[in-house]
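Undergrad: For reference, TrEMBL lists these features for the protein:
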type	residues	note
DOMAIN	4-382	domain 'CAF1B/HIR1 beta-propeller'
REPEAT	71-103	repeat 'WD'
REPEAT	168-199	repeat 'WD'
Amino acid sequence: MPSVNLPQILWHSKDNKHSDRVYSLDFKPQGHNFNSTDVKSTKLATAGADEFVHIWEIQLQPINTKVISRLTGHIGEVNCVRWNKSGSVLATGGEDKSLCLWSEVKPGESDDDPEFEEIWHRFKVFSLSQAINSICWCQSERYISAATEDGNISIIDTTSELNKIQILPSHSNIAQGISFAESQYIASLSSDQCLRVWNREGEGKRWKTLLMLKNNRDCDELNPTGDVQDKRAQKPVFLGEDLPSFFRRLDFSSNGTLLVTPAGIQNVINKEANETSLPCCYVFHRKILGLGIPIITFPSPSGPTVVARFRPLESSCIFAVGTLDGSVCFYDVNKIEGPLAVLKGLHFAPITDISWDSTGLVCAASSSDGYVSIITFRSDELVDSPMNFDAQVN
């Protein structure tokens, strides 16, 4: 079983006395040439209900945390933080409608008296249409996609001097999650109970809607007759806007093959022939993504799911899921019988975000209770194997 550490520190606080909600976190990538056995520490960016972004150094054996930088510039709560693939730039977004890009100032390049070990400079700001709930980099590090409270999905070209922003036709309610795959696919999830996926046409800027999945009749497998009058075929497949969570963070696997979506709801018939609804998460395969048919549905052992994140290793089939009741579950796509591990009740409030470090052996989960769990595995506890479903979807 994994070991869990819950540092009793003020991750974010408006008054330096009480813990405020932690909305997002992301481990800084180690780069391509690191040796996982030599990693003794890692860096973690966090954001929350205060107006600051913090960067922490996490010593791994034993777990010890130290804040090494405070990034100031947002006005209001900060909802999301994400590093680019190389770890050279941190993107942040919040209720001030600003998406900010930050880079580290090298020693000797700043005249400021450093209060912290590292100084990070905000070198670019993009103004979006509404408060930003979720962001994601593409692998090339050129584009960032952002989900905002007005339901828009924005694509930002970070290399453009004109601050170009492309807006995709999106959701009828708050967009709560976004994920990019290989600069070619964008998936978003909203409180309007709809999963939307776009496919980029060629190398241009045109994005074509590949999937709009809202209810069972959008999926041929669940409605084989195609009869829109069939009441059984019009059940929602995602939880409604009454789900008390700010986020529905979905995620593509590192190679873009798989997409995991939280906030699912599965309608099943019990032994008494009564229909009941169970919270779940869905896993889709990219080759049949346009059909809206999940290759696996994982029922949740701990209530509604609100965030999911794949292990960052190439071709990994393992992912973590955070729930509304503060639990974290771990799954392997190749093991459909159920979760690998369930860490029930880690927090007293919903999980808001999940991140893995570059080794794939350390996982962190943030919560609106104001704390962060750091979960560590031994290398023999998480073993990836080739995905069993590839042959079936070819």
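In case you wondered, yes, glycine gets a Cβ from its N, Cα and C as well.
What TrEMBL says about a protein is an automatic prediction, not a curated fact.
Since we're looking at a predicted model, the values are computed, not measured.
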Undergrad: Suppose you look only at the repeat 'WD' (71-103); what would the mean pLDDT be?
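TA: On average, pLDDT over the repeat 'WD' (71-103) sits at 98.
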Undergrad: Under DSSP, the repeat 'WD' (71-103) has how many residues in helix, strand and coil?
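TA: Split into helix, strand and coil, the repeat 'WD' (71-103) gives 0 helix, 18 strand, 15 coil.
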Undergrad: Could you give me three numbers for the repeat 'WD' (168-199), the DSSP helix, strand and coil residue counts?
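TA: Summed over the repeat 'WD' (168-199), the classes give 0 helix, 19 strand, 13 coil.
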